[in-house]
Amino acid sequence: MDLKESPSEGSLQPSSIQIFANTSTLHGIRHIFVYGPLTIRRVLWAVAFVGSLGLLLVESSERVSYYFSYQHVTKVDEVVAQSLVFPAVTLCNLNGFRFSRLTTNDLYHAGELLALLDVNLQIPDPHLADPTVLEALRQKANFKHYKPKQFSMLEFLHRVGHDLKDMMLYCKFKGQECGHQDFTTVFTKYGKCYMFNSGEDGKPLLTTVKGGTGNGLEIMLDIQQDEYLPIWGETEETTFEAGVKVQIHSQSEPPFIQELGFGVAPGFQTFVATQEQRLTYLPPPWGECRSSEMGLDFFPVYSITACRIDCETRYIVENCNCRMVHMPGDAPFCTPEQHKECAEPALGLLAEKDSNYCLCRTPCNLTRYNKELSMVKIPSKTSAKYLEKKFNKSEKYISENILVLDIFFEALNYETIEQKKAYEVAALLGDIGGQMGLFIGASLLTILELFDYIYELIKEKLLDLLGKEEEEGSHDENMSTCDTMPNHSETISHTVNVPLQTALGTLEEIAC
């Protein structure tokens, strides 16, 4: 190893790198930078140190790369609760319009929309209709000398939709009687619907402290198939089913029953055992969720269903200058003509468009309800006569129109599903620190030693550079003061046995 001569004493001293290697806590380098000539031992230590450093860099880069891949893991847990908030329950009759409530004015404006009349306001296929229904329709569709009146889609749906007061035969919540006043009217694509436990209008949310049947909502409904519209054509409003559509959801999200609801058939008692799930997703770059606090144009709380309805509303308003009755906002409601000619085709086009137009990301916090359905036939042979007498209906009518819906928590617990970061900064630092200790015996303080050595080295170089500049300036000044004096340097031949700087000073004095 190179040794440098001491400027003051002329002796050999170790270089700065040798001093650092001898005092540093970095393993191995003291065996590389030692006093004396280059040996095989020093070469082997150098190879071992460089190899260990290379392995450290490879492993550390792999850990850094894994960190920036932003992986996540999912944690599932089940939590027992003392009580649970009962979910909102939205139900809709699959028939959106009661035939008996249709008026001549309704048929004049909306007969084509309902597929009851053609473009000429004529019954298209009278041979497909029941004679009694056909006669009633002909009377309602007699437009001879008729003067049409003003028409409102909101008023039409509210008046013609099924009334829960007429549909409901009985209602119980946790064994206590409830009624139509405990339901809130909402409008969906099915028309006039009803929501239980909405929490709106200042009503407190209902809770339950037990699981199992009898501790939730039990309701008996008459779907009134006699009121279903006759079908001899197909439109977006046409339905071939009989029953109700039901959606179980949280109070913070609007119903999207046409896509997320399940059907309940007449002639059966349907049991719905549900379990609450609380999901937590990660935002970018670990996930794709959107904060629930980031509201939308028409909804204060973000959810996927709210985003879908919000997007559809904006699209219809932009293209048709109106909105459907179930859509929020202050734009005017679409007329039946706008419904048929613009709004319904626009929704069809929107469904066919690239999904990026209505890109609805998952909210970061979401509550949903798992469901398990089972059903039994009603009425039984032994109860048929009793129900006939109680509701003054025939057994056939009961089998075709009456259903019972029983919704309850399977158990008084909820499931949490949470996304967590698979690799955080603390884990990254721990892995890199462990590998530093394994491969080169270094720690954070060792890194500080390296920075301190680099700082001292730079400072020394700068001071040497500044010292040389000052020395050159001083030498030039002394030479200028001696220009007028004779040069005696040639006459001096003796040797001065003093340090180099002292000797130079003496020579300059003699020279001057």
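Glycine residues also receive a Cβ, built from the backbone N, Cα and C atoms like all the rest.
Per Swiss-Prot, the feature topological domain 'Cytoplasmic' maps to 1-37, 449-512; the stated evidence is experimental evidence. Residues or ranges marked as phosphoserine in Swiss-Prot (evidence: a large-scale study or a structure entry): Ser8, Ser11. The feature transmembrane segment is assigned by Swiss-Prot to 38-58, 428-448, with sequence analysis given as support. Annotation comment: Swiss-Prot describes 59-427 as topological domain 'Extracellular'. Swiss-Prot lists Cys92-Cys193, Cys289-Cys364, Cys307-Cys360, Cys311-Cys358, Cys320-Cys342, Cys322-Cys334 with the feature disulfide bond. Swiss-Prot lists Asn365, Asn392 with the feature N-linked glycosylation site.
Overlay of Swiss-Prot feature records on the structure.
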residue : record                      : Cβ neighbours (10 Å)
Cys193  : disulfide bond              : 28
Cys307  : disulfide bond              : 20
Cys311  : disulfide bond              : 17
Cys320  : disulfide bond              : 20
Cys322  : disulfide bond              : 18
Cys334  : disulfide bond              : 23
Cys342  : disulfide bond              : 17
Cys358  : disulfide bond              : 16
Cys360  : disulfide bond              : 18
Asn392  : N-linked glycosylation site : 8
If you draw a 10 Å sphere on the Cβ of Cys92 (disulfide bond), how many other Cβ atoms land inside?
27
Quick check for the class: what is the C-alpha distance, in angstrom and rounded, between Asn392 (N-linked glycosylation site) and Cys342 (disulfide bond)?
45
Do you see any of the disulfide-bonded residues Cys92, Cys320, Cys322, Cys342, Cys364 whose C-alpha is within 10 Å of Cys311 (disulfide bond), and which ones?
none
Quick one: of the recorded positions Cys307, Cys360, Asn365, which has its CA closest to the CA of Cys334 (disulfide bond)?
Cys307
Reported mean pLDDT - the topological domain 'Cytoplasmic' (1-37):
69
Going by Cα-Cα distance, pick out whichever of the recorded positions Cys322, Cys360, Asn365 is nearest to Cys342 (disulfide bond).
Cys322
Cys193 (disulfide bond) to Cys307 (disulfide bond) - Cα separation in whole Å:
20
Looking only at Cβ atoms, how many others are within 10 Å of the one on Cys289 (disulfide bond)?
20
